[in-house]
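As given in TrEMBL:
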type	residues	note
BINDING	G251, V252, S253, G254, A255, G256, K257, G258	ATP binding site
DOMAIN	235-416	domain 'FtsK'
TRANSMEM	20-46	transmembrane segment
TRANSMEM	77-95	transmembrane segment
Amino acid sequence: MVRDSRWVDPAPLEVSRPRLPWWTMLPGWVKLVLSPVAAVVLLGWVGYQLGRVMYRYPLMLCLLAAGWWSYSGLGPWWFGTLLAGLLAVVWVWWWRHPSSCERFALRWARTETRRFFVYAYDWRTVMRLSDLAKDKRGREYRPKLGRVRAEGWRDLVRVQMVKGQAPEQWELHASGLAHSFNAQSCRVRVVKPRRLELDFIHSDPLSCSIPVPALAEDAAGVDLRRVVIGRTETGKPLRLRLLGTHVLTVGVSGAGKGSLLWAVACALAPAIKAGQVKVFGIDPKGGMELGQAPEVFEQVVYDNGSRAVTLLEWLAQEVKRRAESYRGRRRAWTPESGDPFLLLVVDELADVIAYQTDRNLRDRATRAVQAITSQGRAPGVCVLGLLQDPRKEIIAFRHLFSTRIAMRLDEPAQVDMVLGDGVRQRGAAAHEISEHTPGVAWVKEDGKREPVRARVFHVTDDHLGQLVAYLTGRVAIPPVSAEVVAFPDRVDERSGGAA
Ligand SMILES: Nc1ncnc2c1ncn2[C@@H]1O[C@H](COP(=O)(O)OP(=O)(O)OP(=O)(O)O)[C@@H](O)[C@H]1O
């Protein structure tokens, strides 16, 4: 027997009604009149797509056409012979002249294959799964894949963002994008409104140390706006500005801060010798660093006590004196002013302005450094401060250093403190610099959006010997090489001794 026989309304039919394109509703004669226009538009679209493919993959298309022609026209033997001949030519070219082979053949081939098999192949899936594509009213808005350039160690991929997107969204997804496209890391750079360039990094071009070049002879070649102290990851010289700026370098112990300061000294050597640049130094570590070549300095102090503070206060006075003497005559220091350019190097700045236990000395040192950094740019005085700990309690006036260099650091928060907010998200991961690559650093100048990754020259004791010889005119004494004596064999403790 049926117990509950009440009538229940059937569920409404839950299927979406098919939507026909608008033009199917047009009357037949209108379709007839418009059909030539539609055919022209269709042909134009097909031509545009074909042109795009030919523009993106010229090498691949030429090779495919030549392969098809030789295989079908000449037969498999000829095809195999021509292919082997082509490979042999490329190999010999690469062997005899690798740079031109790389530039004109390998880079093209690599770019087209990586574009096709890596980026174009997976683009749609990766955009959807990373939430960078949007679905609105049944229409998908997907970022467009633009130009790809494979340089071997990195792929540069241009992207056109969808409307309403911000580069910050891409920065948040950078790590996921790197994994999706099998890269070690991904950096996001803004090229122009709506256009981004993604750097997919595959290997580190700065993994080998870079020797310091021979000392220049001519002081006229020293440009204080572009002092070359290393090489960037793109192979260009790393140019550090000293005139009109102050430089703060932060890195853990062993990050290579010493190399950086000696690379600056080597680059300035002709100007130091000619008296156009005078370098002052404070090394609170008892001279372990600056004491290696004291001849570079006009005056150098090996502690953080009253002598260091007196030097700082003298420099602060000099800044004021110059500012007064230039008043009404010139806006900023130039070599024609008659004064030398002054560079103050403070190794472990924290020891001078934070760790000094005598409060009076600490306050005087802090006031003097603040005075030099806030007023010294125009009168030709520059501070190069080296530091291990960038916290606010250690240095509250980081913003007065307009060039900041982050060498290897321990934590991401330290990178933000040194380089400023948002720079780490753009790729400047100084906390990920390997301990096996001392001297690698991220350089950020105020006014330039993009940080630069570079490695400073490796300055060895030999180079320092040459630098001292160059400045003093004395013959360089090669460092004494020690003979390593093997440990004696372990003596049995029971028989009366231990090795
Ligand atoms: N640019 C470089 N290229 C290759 N090796 C380097 C470079 N700079 C430094 N090194 C090596 O790294 C080690 C540490 O360098 P350095 O003493 O300059 O570091 P640091 O940051 O000054 O350390 P600390 O703060 O303890 O003085 C040294 O053995 C040095 O030879």
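Backbone N, Cα and C define each Cβ position, glycine as well.
Nobody curates TrEMBL annotations by hand; they come from automatic prediction.
The shown structure was predicted, so the numbers you read here are calculated from the model rather than taken from an experiment.
All features noted in TrEMBL, drawn onto the structure.
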{"residue": "G251", "record": "ATP binding site", "CB count, 10 Å": "28"}
{"residue": "V252", "record": "ATP binding site", "CB count, 10 Å": "17"}
{"residue": "S253", "record": "ATP binding site", "CB count, 10 Å": "8"}
{"residue": "G254", "record": "ATP binding site", "CB count, 10 Å": "11"}
{"residue": "A255", "record": "ATP binding site", "CB count, 10 Å": "25"}
{"residue": "G256", "record": "ATP binding site", "CB count, 10 Å": "24"}
{"residue": "K257", "record": "ATP binding site", "CB count, 10 Å": "26"}
{"residue": "G258", "record": "ATP binding site", "CB count, 10 Å": "20"}
Sorted by sequence, non-G251, V252, S253, G254, A255, G256, K257, G258 residues with Cβ within 8 Å of centre, ATP: Q388, M407, R408, P438
Structural state of G258 (ATP binding site), classified by DSSP into three states: helix
